[in-house]
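All remarks here apply to the structure that follows.
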Amino acid sequence: MVSLLRLCSFLLAAGSILVQGSPIIAPSIPPCEPPSNFTGPSNFTSRPGNGASPFWLIAHRVLTKDGVKAALGHGANALEMDITGWWSGWFGDHDGLLTSAGDTVSDLFDEIASRRTQGDPVSFVWLDLKNPDFNKNGVNIVSLMILCREKLEKVGVRVLYGFYSSQTNGPSFKFVKQVMNENEAIGIDGKFETVEKDFEEKGIPLQKRVFSSGLFNPDFNFGNCEVHSSGVCAQLREGKESHEFSKVFGWTVSSYTRKDHVYKMMEVGVDGLIYGFVASHYYDHADIRHTLSTIRGWLEEHKDTHRLATVDDNPWSSMSKKGSSKSSWVKGEVPSIAH
């Protein structure tokens, strides 16, 4: 275990993890010493609610500042953002095309932080990492994590680093695993058995494990919730019943999704649903408001057992004997980085 300063020195002087043939080296700006207000524990609370299970309304594909405003205005308490690295920086970008980028991640985070300090109950930001191992011109996983900690976490917004099963052997996954702090978690999207095995083999503490399963339209492969199958509903049910994850999220609920399928996903116990458009960035629209009314309708019918999560609910908390996730990097202690 080494201090933050020693870690940064190590990365700057000799440390590297190979990303597309080039090393990730901690950038010299901002400096390695964290600012005095980097991530204060006072910004994070985890008080119990009324006994009902907290539920997260996760806005889908929030790629612009206007999308942030719309989602929070609709009552979302978490935001899913597709993140793509370009030579000029990290962007809200799902497709990675010359014309597909939204606003910069820096600007998006500034908008989220501003709304959070004004009282909007955004609990966490889910970063759907499209090319996590990108490493060009100082744009890499290190620079992204610094943005998260300086702009989001210091105002009480937690972060979920979202990977796909095909990305878990990459250097960025290993880096996040080694330096994530108490406000961060790792999500893996894929098949239940594959994801469970990945988390177990890589030694991720249970409270830091988030499993997600879904489809751009889950109706296309919804399946039978009660049997073992590759269908979306069965995958989510197995994830919840396994007790191997801190949280289980489903995706993507839209105005096209069958209402009974939305309800069944909630009945098997998912902790939240990604909702929004199937193939477009988030903005204010009647279809999105209709989708929200469907989800809220179920929550209202089950208000004795479920409630909307608040900023006082820590999504990355779970009692586990599988190990703990000690605060690292921000607090000054991190594991050594394997090359």
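Note that Cβ sites are derived from N, Cα and C of the backbone, with glycine treated the same way.
The signal peptide annotation in Swiss-Prot covers 1-21.
Annotated active site per Swiss-Prot: H60, in sequence order, evidence recorded as similarity to another entry. There are 30 other CB atoms within 10 A of the CB of H60 (active site), with all protein chains counted.
According to Swiss-Prot, the Mg(2+) binding site annotation covers E80, D82, D128, on the basis of similarity to another entry. A 10 Å cutoff on Cβ-Cβ distances gives D82 (Mg(2+) binding site) a total of 23 other Cβ atoms nearby, all chains included.
According to Swiss-Prot, the feature motif 'SMD-tail' maps to 309-316. For the motif 'SMD-tail' (309-316), the DSSP-based tally of helix, strand and coil residues reads 0 helix, 0 strand, 8 coil.
Under the heading region 'Disordered', Swiss-Prot lists 313-339.
The compositional bias 'Low complexity' annotation in Swiss-Prot covers 317-328.
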Let me know the model's mean pLDDT on the motif 'SMD-tail' (309-316).
95
Can you list the residues of the same chain, besides E80, D82, D128, whose Cβ falls within 8 Å of the Mg(2+) site's Cβ centroid?
H60, R61, V62, M81, I83, H94, W126, L127, G162
Fewest other CB within 10 angstroms, which one of the binding-site residues E80, D128?
D128
Write down the Cα-Cα distance for H60 (active site) and D82 (Mg(2+) binding site), rounded and given in Å.
9
